[in-house]
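J.: The feature site 'Important for prephenate aminotransferase activity' is assigned by Swiss-Prot to LYS12. Per Swiss-Prot, the feature L-aspartate binding site maps to GLY39, TRP125, ASN175, ARG361. Residues annotated as N6-(pyridoxal phosphate)lysine in Swiss-Prot, with similarity to another entry given as evidence: LYS234.
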Amino acid sequence: MRGLSQRVKSMKPSATVAVNARALELRRKGVDLVALTAGEPDFDTPEHVKEAGRRALAQGKTKYAPPAGIPELREAVAEKFRRENGLEVTPEETIVTVGGKQALFNLFQAILDPGDEVIVLAPYWVSYPEMVRFAGGVPVEVPTLPEEGFVPDPERVRRAITPRTKALVVNSPNNPTGVVYPEEVLRALAEMALQHDFYLVSDEIYEHLIYEGAHFSPGTLAPEHTITVNGAAKAFAMTGWRIGYACGPKAVIKAMADVSSQSTTSPDTIAQWATLEALTNREASMAFIAMAREAYRKRRDLLLEGLSRIGLEAVRPSGAFYVLMDTSPFAPNEVEAAERLLMAGVAVVPGTEFAAFGHVRLSYATGEENLKKALERFAQALQ
């Protein structure tokens, strides 16, 4: 056997997927474990969305779809971006993908040449730098600091810009910090994209899960430089349906669709019709989002209050469903801390692959009883 490519051998598997798989395997073996690892809603997909999927099946809507998505969904996506985000886009400036992850993967394949630099704000979602490297680019990390609330410092970002800078990735609300970036910070970053002529990649997958503050889409300021990425997974509890969507300059969107045409062909057709229902039946969908958001807010408050009560520190998140917890009371580093907590019966994600050193990520996309049990075990692990 000749072996694998250097490109694939250099790529790291997703740390979050691996940790969650390990937790699930331990539970299958009967281990009493509270898993705070999953980056997905614990709610079921709303019934009106599932019914739309069943209807598509009954109507025989099971054939190939165009690489950029069915026209009806692209129109609904464009309308969503116009109505909710203030982005004046046409259906031709949108694409439907196999999850938001494929939108990002296709984008980097479409815009990066070998050696192009992409600024990534740390802590970051683990897949950003790997996708950049896979496309031949160079990820350039710019730290955000816990003492600054993990909010980006625009001047620190500015100092990282070079003639090779091709893009800057922003993710607000943020995974793994849960921080919602202030509008003035996003405005400053958009102005840099205009001034230095690079792409602004705005990952807004958690936009509907904000508990304090408001969401702002920087693409309103730099539409010709911004690719806005979103999807059905987090808002509508549709992680397994694998539908993402994005909007941006027509030439970039066309190139992303070309990548799809030579890889996945198109997203699942049935899932696209279900997502169309999620986007167009606003009354039912917004009621579901409001219910889920309130549940997450209560869980966040329960978790933060519990951590504070037992002397553990975390930057207060304003969105998403994650908390980054300081691990110094448990161990010298986040990996040892995660192992100690696993032995105590709680699975968490070490911050290493997020570039969140000295922290672990806790997901509160789980029931309140699980969170209470996890807090009890944290307290026991400190003794």
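Heads up, the Cβ atoms here are built off N, Cα and C, so glycines get one too.
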J.: Taking the residue listed as 'N6-(pyridoxal phosphate)lysine' as the reference, which of LYS12, GLY39, TRP125, ASN175, ARG361 (the recorded positions) have a CA within 10 A of its CA?
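T.: So the list is GLY39.
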J.: For a quick check of packing: other C-beta atoms within 10 Å of the C-beta of LYS234 (N6-(pyridoxal phosphate)lysine), how many?
T.: 26
J.: Between ASN175 (L-aspartate binding site) and LYS12 (site 'Important for prephenate aminotransferase activity'), find the distance joining the two CA atoms and give it rounded to the nearest Å.
T.: 18
J.: Calculate the distance in Å between the alpha carbons (Cα) of GLY39 (L-aspartate binding site) and LYS12 (site 'Important for prephenate aminotransferase activity'), and round it to a whole number.
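T.: Spelling it out, the Cα of GLY39 (L-aspartate binding site) and the Cα of LYS12 (site 'Important for prephenate aminotransferase activity') are 18 Å apart.
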J.: According to DSSP, does ARG361 (L-aspartate binding site) fall in a helix, a strand, or coil?
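T.: Where ARG361 (L-aspartate binding site) sits, the three-state DSSP reduction gives strand.
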J.: Below 8 Å Cβ to Cβ and six or more residues apart, same chain only. Which residues does that give for LYS12 (site 'Important for prephenate aminotransferase activity')?
T.: GLU130, GLU353
J.: What three-state class does DSSP give GLY39 (L-aspartate binding site)?
T.: coil
J.: Around the L-aspartate site recorded as GLY39, TRP125, ASN175, ARG361, what other same-chain residues have a C-beta within 8 angstroms of the site's C-beta center?
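T.: Apart from the listed residues, the neighbours are THR16, VAL126, PRO176, ALA320, TYR322, VAL349, PHE354, SER363.
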